[in-house]
Amino acid sequence: MKYLVDTHAHTIASTHAYSTVHDYIAVAKQKGLKLFAITDHGPDMADAPHFWHFVNLRVLPRIVDGVGILRGIEANIKNDAGEIDYFGDYLQELDIVLAGFHEPVFPPSDKQTHTQALINAIESGNVDIITHPGNPAYPIDITAVAAAAARCHVALEINNSSFEMSRKGSEANCVAIAKAVRDAGGQLVMGSDSHVAFSLGEFSQALAIIEEAEFPEERLLNKSPEALLTFLSKRGHKTLDDFAEL
């Protein structure tokens with residue numbers, strides 16, 4: 001099956017990434033993608049865009065040349081309380097909120113601290129998707145996190161970049177996560193974590209993890225624009241009718 005949705009992409013607004021919104025649209029068209037999310041790093045990262053970047057995402061058109069653009073963020077989990085670096089009413093203006101651990105904001109600690117931070121972020125209601133939870137630098141209680149995510153209708157990400165450019169050693173953790181989410185009745189999403197447009201929609205290694213875990217496709221958010229948009233709508237995002245024509 002060809003997957004037409006990517007929830008995780010960074011633009012030049014995050015200065016360690018190298019592509020513009022226009023670049024991503026062009027690649028999405030070339031590859032036949034129907035929907036992708038702009039999710040630059042939250043403002044607590046050293047080279048992240050200013051807070052205003054996320055507020056002003058509303059200027060982006062919803063659909064360009066048949067490609068839908070979700071206005072999002074990859075927020076930073078800041079502490080074991082699960083707080084993120086974007087807040088309040090501004091969260092409601094975004095279409096999608098990703099959050100994860102990043103070493104400049106939350107240095108690795110211990111399994112109990114990491115687990116509590118993720119569960120608190122999941123239970124906060126502020127986060128739709130937890131990014132790269134299989135990072136071996138941040139060991140977690142996988143069963144507990146998967147159960148919390150399923151209970152709170154938060155998706156966990158299988159991050160394709162973790163097997164290519166960063167977070168080496170994620171494979172075994174990600175297989176365990178996929179199996180735990182499968183058994184808990186939760187949802188997964190594959191994210192390219194693109195930092196250059198050429199990798200948008202690239203899921204080959206993440207898909208191998210999904211298949212090894214025998215994860216049911218009906219609970220994989222990439223399977224269609226409708227699957228992701230329905231998930232986001234159920235999580236309280238109000239402005240998604242604009243994508244009805246996709």
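For all residues, glycine too, the Cβ spot is worked out from N, Cα and C.
If you look up Swiss-Prot, you'll see H8, H10, E74, D193 marked as Zn(2+) 1 binding site, on the strength of sequence analysis. Residues near D193 (Zn(2+) 1 binding site) in space but far in sequence (CB under 8 A, at least 6 apart, same chain), listed by position: H8, A9, H10, T131, H132, N159, N160, S161, S162.
What Swiss-Prot records for H16, H41, H195 is Zn(2+) 2 binding site, and it gives sequence analysis as the kind of evidence. A coil conformation is recorded for H195 (Zn(2+) 2 binding site) in the three-state DSSP classification, outside any helix or strand. Residues near H195 (Zn(2+) 2 binding site) in space but far in sequence (CB under 8 A, at least 6 apart, same chain), listed by position: H10, S14, H16, A17, Y18, S19, S161, M165.
The Cβ neighbour count for E74 (Zn(2+) 1 binding site), using a 10 Å radius over every protein chain in view, is 31. Annotation source Swiss-Prot lists Zn(2+) 3 binding site at E74, H102, H132.
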Between H102 (Zn(2+) 3 binding site) and E74 (Zn(2+) 1 binding site), find the distance joining the two CA atoms and give it rounded to the nearest Å.
10
Can you tell me the CA-to-CA distance separating H41 (Zn(2+) 2 binding site) and E74 (Zn(2+) 1 binding site), as a whole number of Å?
5
Cβ atoms near H16 (Zn(2+) 2 binding site) (within 10 Å, other residues, all chains)
12
